[in-house]
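Step one of this worksheet: look at the structure below.
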Amino acid sequence: MGHSAAVWDYRAATEVIKDWNGTDKVVLRNPQGASARVSLRGGQVTSWRNEQGEELLFTSSKAIFKPPKAVRGGIPICFPQFGNCGSLEQHGFARNKIWTIEENPPPLNPNDSHGKSFIDLLLKPSEEDLKCWPHSFEFRLRVSLAADGSLTLISRVRNVNGKAFRFSFAYHTYLSVSDISEVRIEGLETLDYLDNLCHKQRFTEQGDAITFESEVDRAYLSTPNVVAVLDHERKRTYVIRKEGLPDVVVWNPWEKKSKSMVDFGDDEYKQMLCVDGAAIEKPVTLKPGEEWTGRLELSVVPSTFCSEHFDLKSGGF
Ligand code: TA6
């Protein structure tokens with residue numbers, strides 16, 4: 001009789017620790033050795049490592065881990081406002097709030113838990129928040145790590161208010177790359193974008209894949225649900241799948257802007273690229289009792305595998 005494979009206890013693979021400044025942080029692990037870390041400060045994923053222990057997300061060596069400054073790296077959550085397009089602080093307040101762990105959230109699709117290590121976080125507005133954004137909401141965030149090492153973030157925003165409200169949103173994803181000049185993005189060709197370096201003027205992306213040789217700060221509109229970021233030097237491709245997030249923000253501060261940011265190293269722009277699943281152009285409107293879901297799945301495949309087998313249009317292998 002064959003030996004039964006030891007069953008991996010996913011609950012045990014979810015551990016809550018305190019980080020160096022006393023903030024609770026959740027560590028997720030999978031049987032193959034991959035891991036992810038989620039800080040309760042901002043519900044921010046601060047680390048995502050593959051089976052070899054290699055860090056897949058960028059965090060600046062100059063990142064400031066003291067509130068109110070948001071941590072420069074990982075995946076900050078921009079809510080209820082993206083950027084400075086509104087009356088709130090840049091990128092909203094959610095990334096600066098302490099979230100709580102929710103033991104029994106309303107159920108998700110069983111596939112979102114089966115064979116995954118996961119944690120459920122909850123954010124509700126404080127009295128202070130309601131003064132600057134007078135809308136009662138419940139923001140549920142599930143972060144999960146699958147057996148294949150892929151990382152999924154599922155945001156559910158419920159309007160528990162008496163009247164409708166609108167918000168914009170982004171998963172501000174700092175990808176770690178080998179050399180920005182060796183990176184290309186596939187899936188955004190020929191799409192319109194709002195250029196944040198040109199007063200949000202609207203342009204249409206020319207040619208084929210996007211490459212980088214200067215500062216880029218754009219919101220691509222009505223994008224496909226799958227985008228690929230190819231890092232040639234590392235022979236690695238980030239596959240970004242998303243739902244409920246029609247836009248994609250692409251940001252690299254390049255040299256000059258890097259020097260102007262206190263929490264960013266002068267040359268660090270060479271090792272990072274932000275590619276954010278977002279809902280910006282058409283803010284999400286929720287009537288009382290309604291709920292919005294924004295889903296982001298990040299996976300990594302060897303570039304060779306990707307170009308031979310991956311069809312962006314179908315989003316499948
Ligand atoms: O995502 C692009 C962007 O809005 C840029 O304009 C840049 O400001 C970046 O976000 C970082 O914002 P932060 O508030 O984290 O400094």
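Cβ coordinates come from backbone N, Cα and C, glycine included.
Automated prediction, rather than curation, is the source of TrEMBL annotations.
The substrate binding site annotation in TrEMBL covers Arg72, Gln90, Arg95.
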Notebook entry, point to check: Are there any residues in the same chain, six or more apart in sequence, whose C-beta is under 8 angstroms from the C-beta of Gln90 (substrate binding site), and if so which?
Noted result: Gly83, Asn84
Notebook entry, point to check: If H, G and I count as helix, E and B as strand, and all else as coil, what does DSSP give for Arg72 (substrate binding site)?
Noted result: coil
Next item on the list: Determine, for the substrate site, the additional residues of the same chain whose CB lies within 8 Å of the mean position of the CB atoms of Arg72, Gln90, Arg95; present them in sequence order.
Entry: Lys69, Ala70, Val71, Pro76, Cys78, His91, Asn96, His172
Notebook entry, point to check: Are there residues of the same chain, six or more positions away from Arg95 (substrate binding site), whose CB falls under 8 angstroms from its CB, and which are they?
Noted result: Gly42, Gly43, Gln44, Ala70, Pro76, Ile77, Cys78, Phe79, His172
Check: Arg72 (substrate binding site) has how many other Cβ neighbours within 10 Å of its own Cβ?
Finding: 22
